[in-house]
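Colleague: According to TrEMBL, the record shows the following:
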TRANSMEM  A:21-49  transmembrane segment
DOMAIN    A:85-291  domain 'ABC transmembrane type-1'
TRANSMEM  A:89-110  transmembrane segment
TRANSMEM  A:122-141  transmembrane segment
TRANSMEM  A:171-193  transmembrane segment
TRANSMEM  A:214-244  transmembrane segment
TRANSMEM  A:270-290  transmembrane segment
Amino acid sequence: MLQTSQTASRRHAVVSETRHLLFTVTPGAAWIIVFLVLPSVYLMAVAFMTNGPYGLPQLPLSLNSFEQLAGVGFLGWSPGNLYTLLRSLWQTIVATGLVVLVAYPIAYYITTCRARWRPIMLLLVVVPSWTNQVIRTFGWMNLLAPGTPLSNLAEILGLISPNMGLYPSNFAVTLGLVYNFLPFMVLPLYAAFEKLDTAQVEAAQDLYAKPVRAFWNAVFPQTLPGLLAGVVLVAIPAFGMYVIPELLGGGKAMMLGNLVATQFSGGSNWPLGAAGAILMLIATFIGLFAMRRIGKRLGGGEEVVI
Amino acid sequence: MRKRTLKRSSLRRALTAFWWLTLIFLYLPLAVVVLFSFNASNSAASMTGLSLRWYHQLLGNEQIMAAFGNTLILALCSSVIALVIGCLIGYGMYRHRHRKLGWLIVLIYLPIVLPDIVFGISEMAFFVQFHRLTGLLQPGLGTMVIAHVTFQIPFVALIVYSRFVGLDPTLFEAAKDLYATPAKRVVHFMLPTIKPALISAFFLSFTLSVDDFVISFFTAGPESATLPIYIWGAIKKGVSPEINAIATLMIGAVAMAAAISLLFNRKRQS
């Protein structure tokens, strides 16, 4: 008798726990499913449809959009889209590399400063990224336009042809990307440097390791998880960047994000744009997956991202 | 030994120099915008004198004022909705953290990892088709609020969740003994204890909303331009010096937020 009432109350507890879970989680989960998962699934479906009049997708199903993305058009094959893809990849790699080169010494330098200055220094690095992306990019347009001191300097040095200005150009896009993503790299690297086990460095010095060797064997491996987190935080959004190439690049520096966006505004070819979006998603998930694998191997299951 | 310290100090000096150069790099574009907002002429290449004329023009520009209003309404509405929904889901994640909630974690991280542009265009495609079929959800402030809430929920949920994880679990038992009904527990125990998390989640949501351009751009209607969208349009049409003035005001707002967060930090430390 007692036992049955106990199981009954336990069952009651399980039911009420489940009801509690549903009550708290359902609104948010439903919101994300309805307003993000469904739209993304729809977008993926669009990639396999045909482009109708006014750019809206139509049946029948086809792989036309992917052929177009690879450059096949009415007039045969053209390399335009392929160049855009390669340019996105190239810009991402170069910008990420440069961001690492700048962020690594900066993150190290902040850890060597007095403890009370460190939060302020980090804040100083992060604050520019709180301002709107469009405004920051607009600032660079002002700086790099023809006739500005920087452009004149580049002209005197013979880096650009006269009256061209540093923007619009591929260089301006790279610069914009580095500027935009620098804080994303400094923060995880700083966290890694702060946790750095100095005993290893001292051990290396005691064993008469040269500074360079001590760095590569005792310091660098310890900062690798932070570095990887930074690479993911920089490279994934950089690959899909839209605002910076649109404003700083001009027509000849288009990236995948611009190719996709154009299909949904001016150009109006939804299936082609959706195919580009799928490519971007694949790149994103490959990046996240690789990151998790490497992170697990390095940090013993330590959560690296965020 | 002496040689080593010498080498150290020269490395340090190089690093210090590099730090200041990086700061210049970070603040130069913003400084230029602020400087040119006070330019007397409308040249974008040279300063001819100081004046406040662009700020005067700003006040008379109805489009900018409407965009300013839209930005505030959007940020406020979306942050409030996201706060309620995200708070619930954050608590649910904490309370049921021993269950297998992998799918929920994936769902919550999805808005964060999805590239902006994919996020924006899928919502736009969805809203456009939905509107064609049902006549509801016409692109405008409503659709923008929906999109913003979608990317704010995860941040609120994660902040609230980590606040709960940081609490002593026995507190919950004590609260259970102390307050008879769940409603009283929520009002007298839970909300007060997570208040700091709620405040920072609200401000983060608000900032994310004001800061967003790409997702707003693709979900906006013709009447619902926000400040970033207006600025984008003005840049595309050909640079007008008014942009410098409005951008300077937005930079000023950010600087103020930075100062406030610094003060809070100081207070927590002391």
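Glycine is no exception: its Cβ is also placed from the backbone N, Cα and C atoms.
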Colleague: Sort out for me which stretch, of A:21-49, A:171-193, A:214-244, has the most Cβ pairs below 8 angstroms to the transmembrane segment (A:122-141).
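Modeller: If we count Cβ pairs closer than 8 Å to the transmembrane segment (A:122-141), A:171-193 scores highest.
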Colleague: What else in the chain is close to the transmembrane segment (A:21-49), if you only count residues 6 or more beyond its ends and a Cβ gap under 8 Å?
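Modeller: Contacts with the transmembrane segment (A:21-49): 57-63, 65-66, 270-271, 274-275, 277-278, 281.
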Colleague: Go through the chain and flag residues at least 6 beyond the ends of the transmembrane segment (A:270-290) whose CB is under 8 A from any CB in it; none is fine as an answer.
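Modeller: Beyond its ends, the transmembrane segment (A:270-290) has Cβ neighbours at 40, 43-44, 46-51, 55-57, 64-66, 68-69, 85, 232, 235-236, 239-240, 256-257, 259-264, 305.
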Colleague: Which residues, given as numbers and ranges, are at least 6 beyond the ends of the transmembrane segment (A:89-110) yet have a Cβ under 8 Å from it?
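Modeller: Distant Cβ neighbours of the transmembrane segment (A:89-110) are 118, 121-122, 125, 170, 173-174, 177-178, 181-182, 184-186, 189-190, 192-193, 223, 226-227, 230-231, 234-235, 238-239, 245, 255.
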